[in-house]
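The structure appears below as structure tokens.
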Amino acid sequence: MNSCYLNCQIADYETATSFLGEWGRFQQRIFFFLCLSFIPNGLTALSAVFLVDTPAHRCLLPAHLNLSAAWRNSSIPLEEDASRGGASEPSRCSRYKLEHLLNYSDRGLLPGVDVNLSTVPTEGCLDGWQFDHSVYTSTVVTEWNLVCNASWKKPFTSSIYFGGVLAGSFVSGQLSDRLFGRKIVMFGTIGLQVVTTLIQIFSSNWIMFVVLYFLLGVEQISNYLVAFVLGTEILGSWVRTLFSTAGVSLFFAVGYMLLPLLAFFMRDWRQLQVGFMLAGCLSLPLFWFIPESPRWLLSQGRIEEAEVIIQNAAKINNIEPPAVIFRPLKVRTEETKAHNIFDLLRSPNIRWLSVTMWLVWNTMTISYYALSLNTANLHGNPFFNCFLSAVVELPAYSLSWLMFRWCSRRLSLCSLLFAGGLFIFIIQLVPAPITFEMMGKFFVSTVFAILYAYTAELYPTVLRTTAVGACSTASRIGSLFAPYFIYLRTYSVSLLYILVGSLTALTGLLSLLLPESFGMPLPDTISQMQSFPG
């Protein structure tokens, strides 16, 4: 069976399956079960907030040292802490030289009275660190001492995970499109995610942990993207729109809200991983309730299998299916040109559109993940701050659906990015920054939901999936750098908000160069695309 015949079959899929209706029991089951599969994704996507958090710490003093209580209490020099606004706090990475302290203690001298502490030489934490366990029993940072000279490993750990997400964006599409189909890849990666998490619980060193964390990133984004595609291919037009905007985003946000609750009761990072593993196990039984995509089966020439799925759907909906569902159509003799990712850069019009969209996607991802991962550094309870950051996404995704239905795409994107950037920028200027940080997160989350659908409207049918995939892949580069924006707090708290806020606001102005797609018909070919105003 030739490819043109298959393309015609797929193009008529909506008509051939229209007898099923839009919202029968079959569609309701697919919608609900697929949405449920996104909850574990929301639970684990930002797990680094708690897994890689850094508790308060100071140099460890060996217990056997014969130091007086006064010298033990004064063994750590005071330093200005940039992450705390320049306030003087005990050093986290140095102590006074123990040989001097022992000498002063043996002679009965008192710190600050008989000895000027500013004249006492210092040394590093040669005996390790003493961590505050009032918030966490243990984290990856406390397990392998990712502090001081090894503090670069903390943002690198998060970046390794997002590197896996980047790789998974490539791998999942190839595996699900060309080899195994949607269902096998979706549940296969869920199963692999459970196994990888189980092995990661027994990590014996940091290298082993980050290698497994990379694999978790590959597996997590793979089942997320494939479940998204599976839902859009099975569900009808208006249910598909609801699923791809509110359905996916809101259930992801529910999983995100469960993260701080789970972390609150499981203060040890290994126990928290057990919770993630069990959440993944709960998704595996959905394998018996979610079918393969009939559209994909048709594209592979497996028409009989596709018809069996549609017949079962009709049975669930109490509808009598026609004897033959997918009929051969008269095909055109003209050859259909194959398109690939290089077409996104071939002509000046689509090239500048693609470059602009990739910049917007990158900024959106940097802002979203920088604000989400930064919740553990805010003043107050880290569990409540993370929960609040997740709750903010619920009205944001609801607003995105309303704006996408009624408002200009370009003006919506510009206003949301500019407002989000403005709130992020002025966080440094207000005494209670949590409110402004949540407002910035609200606007950025709204952009996150709108941008997927807006991108699909701008590109033609022959390149739509390729374009959305390329934009999503480009955005993963932004997620790789997001942890390092947070790392800037080490040098100045304001630097994080100045850079992210300015970048977000300027990108909002840049988005005015994009064409408007509200109320416009979807382009089918490259020649039907609107011109790039910029």
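Quick reminder: no glycine exception, Cβ is built from N, Cα and C everywhere.
Per TrEMBL, the feature domain 'Major facilitator superfamily (MFS) profile' maps to 100-519. Mean pLDDT of the predicted structure over the domain 'Major facilitator superfamily (MFS) profile' (100-519): 84.
Per TrEMBL, the feature transmembrane segment maps to 30-52 (among others).
Per TrEMBL, the feature transmembrane segment maps to 184-202 (among others).
According to TrEMBL, the transmembrane segment annotation covers 208-230 (among others). Packing against the transmembrane segment (208-230) from elsewhere in the chain are residues 34, 37-38, 41, 44-45, 140, 144, 156-157, 160-169, 171-173, 175-176, 182-183, 185-187, 189-190, 192-193, 196-197, 199-200, 244, 248, 290, 293, 472: each is 6 or more residues past its ends and has a CB under 8 Å from a CB in it.
Non-local neighbours of the transmembrane segment (242-266) in the same chain are 31, 34-36, 38-47, 49-50, 228, 231-232, 235, 272, 274-275, 279, 382-384, 386-387, 389-391, 393-394, 397-398, 400-401, 404, 448-449, 452-453; each lies 6+ residues outside the stretch with a CB under 8 Å from one of its CB atoms. The transmembrane segment annotation in TrEMBL covers 242-266 (among others).
Among the features that TrEMBL reports, transmembrane segment is placed at 272-290 (among others).
Here TrEMBL flags 352-370 (among others) as transmembrane segment.
According to TrEMBL, the feature transmembrane segment maps to 382-404 (among others).
The annotation transmembrane segment is assigned in TrEMBL to 411-432 (among others).
Positions annotated as transmembrane segment by TrEMBL: 438-455 (among others).
The feature transmembrane segment is assigned by TrEMBL to 494-514 (among others).
Here the transmembrane segment (272-290) has long-range neighbours at 29-30, 33-34, 36-37, 39-40, 43-44, 47, 50-51, 183, 186-187, 190-191, 193-194, 197-198, 200-201, 230, 255, 262-263, 266, meaning same-chain residues at least 6 beyond its ends whose C-beta is under 8 angstroms from one of its own. Only residues 6 or more beyond the boundaries of the transmembrane segment (494-514), in the same chain, are considered here, and those with a CB under 8 A from a CB of the stretch are 353, 356-357, 359-360, 363-364, 366-367, 370-371, 374, 409-410, 413-428, 440, 444, 458, 485-486, 488, 532-534. Remote same-chain partners of the transmembrane segment (438-455), defined as residues 6 or more beyond its termini with a Cβ less than 8 Å from a stretch Cβ, comprise 241, 244-245, 249, 357, 360-361, 364, 367-368, 371-372, 388-389, 392-393, 395-397, 399-401, 403-404, 409, 412-413, 416-417, 419-421, 423-424, 427, 467-468, 471, 501, 504, 517. The stretch with the most CB contacts under 8 Å to the transmembrane segment (411-432), chosen from 30-52, 184-202, 352-370, 382-404, is 352-370.
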